[in-house]
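Engineer: Attaching a single structure in structure tokens format; questions to follow.
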Amino acid sequence: MANKIIESSDVHLFYGKNEALKGINMDFAENEITALIGPSGCGKSTYLRCLNRMNDLIDSATVTGKFLLNGQDIYAPEMDTVKLRKEVGMVFQQPNPFPFSIYDNVVYGLRLSGVKDHRVLDEAVETSLKQAAVWDDVKDKLHESALSLSGGQQQRVCIARVLAVKPKVILMDEPTSALDPISSTKIENMLLELRQQYTIIMVTHNMHQASRISDKTAFFLQGELIEYAPTKKIFLNPTEKETEDYISGRFG
């Protein structure tokens, strides 16, 4: 059994009086890809955003329960959320590069952390862009705007920006849904490589993607975690009827 890196227990989240998460219990192991699936509005993205406290940015959101990152309480009052979001990075659905050069995008987090040594920054740019499988595309135009790149290249630069600060966990909210099939395949292949060094938790509506690249899959429905198991079991022999109905396309 791989070491647990994140543990969550009895997680409830309310938007005002509306309960969006209803007692979620989930643990995540190191160096695994976990897919969170379920119909729109089921709570999977809400749960994902709990893992690095992005829901703190929503005034009406209230979270209860426990989240531990390597045994440390994510929601403890003394937790530094800037530090947390370095350790638990986030990649969004739409590529969101800053209106800077490719180089400045990748080193943004490092500079915020006070890194000034140009050799360190240069090395981080090359290493991160290689990990994100976009170095060969951009190595000759690092000082051009990241906004000039294709959507798939922009998303991989955003992934490189997350990797540059050396997170422990990478959260992804439908990272390929806005991309063409070729770009999506490149990112899927890259995630399989990154799994050797990182824990990856991703929301996806793409059942084929979940079955291809994830080690475990969690099915959410109406704010509840219905089933959480190895991906092969979820897709070939689910325990719960709701899981089978969703995967077979009977609803969702």
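Even glycines carry a Cβ here, placed using N, Cα and C.
Note that the coordinates shown come from a computational prediction; the quantities given were computed from them, not determined experimentally.
Quick paste of what Swiss-Prot says about this protein:
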- 6-247: domain 'ABC transporter' (DOMAIN)
- GLY38, PRO39, SER40, GLY41, CYS42, GLY43, LYS44, SER45: ATP binding site (BINDING)
Engineer: For the recorded ATP site formed by GLY38, PRO39, SER40, GLY41, CYS42, GLY43, LYS44, SER45, name the remaining residues of the chain with Cβ within 8 Å of the site's Cβ center, in chain order.
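Structural biologist: Same chain, not in GLY38, PRO39, SER40, GLY41, CYS42, GLY43, LYS44, SER45, Cβ within 8 Å: THR46, PHE220, LEU221.
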Engineer: DSSP secondary structure for LYS44 (ATP binding site), reduced to helix/strand/coil, please.
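Structural biologist: SS state of LYS44 (ATP binding site) = helix.
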Engineer: Please work out the mean pLDDT for the residues of the domain 'ABC transporter' (6-247).
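Structural biologist: Here the predicted model's pLDDT, averaged over the domain 'ABC transporter' (6-247), is 96.
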Engineer: Considering the binding-site residues GLY43, SER45, which residue's Cβ sits among the greatest number of other Cβ atoms within 10 Å?
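Structural biologist: Counting every other Cβ within 10 Å of each candidate, the maximum falls on GLY43.
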Engineer: If you count the other Cβ atoms within 10 Å of each Cβ, which of the binding-site residues GLY38, PRO39, GLY41 comes out on top?
Structural biologist: GLY38
Engineer: Quick one: what's DSSP say for GLY38 (ATP binding site), helix, strand or coil?
Structural biologist: coil
Engineer: Tell me the Cβ contacts of SER40 (ATP binding site) under 8 Å, same chain only and six or more apart in sequence, or just say none.
Structural biologist: HIS205
Engineer: Can you name the residues of this chain that are 6 or more positions from LYS44 (ATP binding site) yet have a C-beta less than 8 Å from its C-beta?
Structural biologist: LEU36, ILE37, GLY38, VAL203, ALA218, PHE220
Engineer: Return the residues near CYS42 (ATP binding site), defined as same-chain residues 6+ apart in sequence whose C-beta is under 8 angstroms from its C-beta, sorted by sequence, else 'none'.
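Structural biologist: Sequence-distant Cβ neighbours: PHE220, LEU221, GLN222, GLY223.
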